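Copied from Swiss-Prot, the annotated features are:
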MOD_RES   Ser236  phosphoserine
DOMAIN    316-467  domain 'PI-PLC X-box'
ACT_SITE  His331  active site
ACT_SITE  His378  active site
MOD_RES   Ser417  phosphoserine
REGION    469-534  region 'Disordered'
COMPBIAS  472-483  compositional bias 'Basic and acidic residues'
MOD_RES   Ser511  phosphoserine
DOMAIN    540-656  domain 'PI-PLC Y-box'
MOD_RES   Ser582  phosphoserine
DOMAIN    656-786  domain 'C2'
REGION    834-891  region 'Disordered'
COMPBIAS  855-871  compositional bias 'Polar residues'
MOD_RES   Ser887  phosphoserine
COMPBIAS  963-979  compositional bias 'Basic and acidic residues'
REGION    963-994  region 'Disordered'
MOD_RES   Ser978  phosphoserine
MOD_RES   Ser987  phosphoserine
REGION    1071-1095  region 'Disordered'
COMPBIAS  1075-1095  compositional bias 'Basic and acidic residues'
REGION    1173-1216  region 'Disordered'
MOD_RES   Ser1199  phosphoserine
MOD_RES   Ser1200  phosphoserine
Amino acid sequence: MAGAQPGVHALQLKPVCVSDSLKKGTKFVKWDDDSTIVTPIILRTDPQGFFFYWTDQNKETELLDLSLVKDARCGRHAKAPKDPKLRELLDVGNIGRLEQRMITVVYGPDLVNISHLNLVAFQEEVAKEWTNEVFSLATNLLAQNMSRDAFLEKAYTKLKLQVTPEGRIPLKNIYRLFSADRKRVETALEACSLPSSRNDSIPQEDFTPEVYRVFLNNLCPRPEIDNIFSEFGAKSKPYLTVDQMMDFINLKQRDPRLNEILYPPLKQEQVQVLIEKYEPNNSLARKGQISVDGFMRYLSGEENGVVSPEKLDLNEDMSQPLSHYFINSSHNTYLTAGQLAGNSSVEMYRQVLLSGCRCVELDCWKGRTAEEEPVITHGFTMTTEISFKEVIEAIAECAFKTSPFPILLSFENHVDSPKQQAKMAEYCRLIFGDALLMEPLEKYPLESGVPLPSPMDLMYKILVKNKKKSHKSSEGSGKKKLSEQASNTYSDSSSMFEPSSPGAGEADTESDDDDDDDDCKKSSMDEGTAGSEAMATEEMSNLVNYIQPVKFESFEISKKRNKSFEMSSFVETKGLEQLTKSPVEFVEYNKMQLSRIYPKGTRVDSSNYMPQLFWNAGCQMVALNFQTMDLAMQINMGMYEYNGKSGYRLKPEFMRRPDKHFDPFTEGIVDGIVANTLSVKIISGQFLSDKKVGTYVEVDMFGLPVDTRRKAFKTKTSQGNAVNPVWEEEPIVFKKVVLPTLACLRIAVYEEGGKFIGHRILPVQAIRPGYHYICLRNERNQPLTLPAVFVYIEVKDYVPDTYADVIEALSNPIRYVNLMEQRAKQLAALTLEDEEEVKKEADPGETPSEAPSEARTTPAENGVNHTTTLTPKPPSQALHSQPAPGSVKAPAKTEDLIQSVLTEVEAQTIEELKQQKSFVKLQKKHYKEMKDLVKRHHKKTTDLIKEHTTKYNEIQNDYLRRRAALEKSAKKDSKKKSEPSSPDHGSSTIEQDLAALDAEMTQKLIDLKDKQQQQLLNLRQEQYYSEKYQKREHIKLLIQKLTDVAEECQNNQLKKLKEICEKEKKELKKKMDKKRQEKITEAKSKDKSQMEEEKTEMIRSYIQEVVQYIKRLEEAQSKRQEKLVEKHKEIRQQILDEKPKLQVELEQEYQDKFKRLPLEILEFVQEAMKGKISEDSNHGSAPLSLSSDPGKVNHKTPSSEELGGDIPGKEFDTPL
């Protein structure tokens, strides 16, 4: 799956599966660090994999939600007790060493606040099994994206597990779980005939799943779903039929952006399967009917998730260069809080990697202990130090537990001790082992113009980003160069975008990540220390290959160097500056090279910038403070939740293709990118808060600047109802999402005071349209069990307003035509009045046939004529009504001039369309397919007849041999008859044997005949079925091809018509200009003053005439186009009408053939029998022979006339 290509994705995600050993439970010993008491427990997992739970000796049950579990470790990676007494108590197993039986389950609400469940198994194999199973359950992507129904089942499971020692469910747990409205809970319990006192408890068998559903329906009634149910056909009957349900799913729930061939709409039988799955009433389900209860279950079921499971799976192409991906990246990974006084933690590296991060930062400093061990800390601050070696071990432990794709280690190396740098390099080599990429891959040498390897090429590899030194010069000059480089490296951050000093080598260093701290860091640096760095730096430098940091100079220089293995880091302010000044160049840079963005130094509270800013420019490593779960981090987690949570997301195509340029500040549609229109209607909420408060919902969109809309929509606040508020407000419409592949929708819920409840971030490209539950998550991206929002989403390809009518007409032509007819009727009265006015105003000498031509309609819009309500006067009448002194009147029949330039354009007929090359080619292909099919069946028939002929010959030969033996025996007997002592009864015995033989052979031949007849019938029926099916498919393909050909030809004709219109205008202007010149020539014969006056008037009149004539011509051209478009529609409709006719004819043809077939086969067999019997009787034998000529079964290859001809020049007539 690593190299997944576009197309239909085969889902690889495995559903949750809990092993029997986890369900049955296993004995463990539980211990804590802060106590010397050990507790024997039985640890279990519920069958759905929602919870860990254990009972101790007092039969008290404790739960651990598996969605909170981050990791499961055993053996040397598990926590070990430090107290010797505790260790002695735990060493109770008799199979395996204690270290190998240790299990640590790491859990917590976020990456910082984590806890440990420490266990000891009695056997090593048990420890390994439980560790693997628990980690698998905790990291299951389908479990992290459960359906609404699964979350409600999880709440039910929790109630069933938290029972009293007597096995009863305490009602206080139900009140605690649904605490928003105690009165409602009480009423709902009473509706289920259950006790309602908080101090009561109920037997588990009384609180079945069915009772739980009834309880929920009473607690949280859903009138909005009843309305939807009624809207789709359940108005008079309490159910939807299978056809109505199919329409609902295909019209409302299906994504219109999907290809209908690759992702066809659901068929009736598929919908029936869904009905049988969700309808609780079996009798209704068998009839293909679904009740409102079943409908509600479907809406909350796994098939109706708001995001397709395929998007959660690893579904993107992972074989492109590393620079073509967004890479989940962390800044100052070791910190657990602020930048100045926060604690550093080795565990943060584990948690960050387990969460899907693929790029971590190591801020390395010189250790000041006697052991001279390098440390990781935030220099010149109050943050604590942690061991560099322990960090490397933690990275090695968790690097590939959740993703197999490469890890990038971003070293910020401040260690000025050669010895300690040598230790750092040694630790990397020894601890990472083969996972550390020491040398570049053979296919991707470190050369100019060579792209970076892909994530698939680098699977299970660790890459180091550290300063790379050049070693080409001598030792003396090398020291000088290193000194210069060190000076450059630790200069002020503004130097990052200035040209490098002449002393800097080709492999210059990047500006350090924390340039804002450089002033204070620089005081600890001096030339001698930097000069002594050479050998130690080489130790670390040898680890660097594909990620070589260099100081950024300019996009032009980077493009000229064209070295993909060089990368630069930008503090957010400088990155923003580059994005503002050179957005297109920044995107181009990121196509070939990597860039890393990190937060500015003034973010001492570890807040984050919005990563979307830099994703828009194609920056790969947009590093954030993972310890701070602000909105920026939430968007980051939403981004990397998809594509298998691999930590890599393929950039949009325009950010990868070298032949395309992309401006992230574009406001219009980008050629080649299909924009989307997204509409979100917030309908209702369920169990939004555990308090009786008002709630509201906000909707945001993040993406390109043109797509981003913060707080685009906010519902009204529900009045004291957090259980089932219903809003039913007008939807928020994001009319044009220019780059949907990089846009995400955020739906957030707040209490009336503004307190955050939960949210969900959804990629626009992954959103499924229709009615869906959006199960909310908290600010740490942990799923909330009960809170959900019910929405209706519409998502489709964006259509500009100018083409909206065209799309409407194409998608629903019948409704559109009816609407046009309705409008025409409404305007009919006014139109008739206008026509009468025009007739009255027409010239007296005008013929009746000419008058109506003056009444005009507006130009056709989308191929449908809209009759105007007010018809302006024709140009000729306008000129007559206001004659100017000395002006030349336009001719009465203005149409003559216009008609003289108009060209007749006829729509191509169906017969002409059939002559098109692509259509003829398809017909020839179909002819060949039919010919091959008939040949195959002809061969089968021939083989069958040969087989029967062989059998007949065997029967005949056997018959002749046995008859000859009997006759020979008869002759011997006749000789014996002549002897006097011989008895006379032998003659009668021979005759009886011969008669029996004839009867036996006749029966065999009859059986053979019957068998042949049946087999020939079956074979011919098989042929007819194949022919019929193939012809039916051919009809579909030919109709589709003819429709495509018609559309293509008609579009070409309309394009050509535009050219013709332009030519006609030029021709009209030319003719009118010629007339003007003639009038000017006539005026020259008059005196000069009169001539000048007339000339001026003629020019003024000419301008008016040209304007009017051009207007009339455009109207005439518009009418012509309308007629042509209408004719095009008629032809396309005629083509579509052909399909049912041809299908009916085909059905009739083969019905007749099937009816005649048994008689034809019978006649053939009988005729063959008669011919062979007469032939054999001439040779003294009676048996039937079977003809070996298949042509007698009317099974010859069809002639070219039958299949439509085989002459290339001839038009094929079958099926069209």
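Cβ atoms here come from the backbone N, Cα and C positions, even for glycine.
What you are looking at is a predicted structure, and each value in this text was computed from that prediction instead of being measured.
If you average pLDDT over the domain 'C2' (656-786) in this model, you get 93. The two recorded residues, His331 (active site) and Ser417 (phosphoserine), have Cα atoms 24 Å apart. Taking all protein chains in view, 19 other C-beta atoms sit within 10 angstroms of the C-beta of Ser417 (phosphoserine). Its Cβ placed at the centre, His331 (active site) has 27 other Cβ atoms within 10 Å. DSSP labels the residues of the domain 'PI-PLC Y-box' (540-656) in these numbers: 45 helix, 20 strand, 52 coil.
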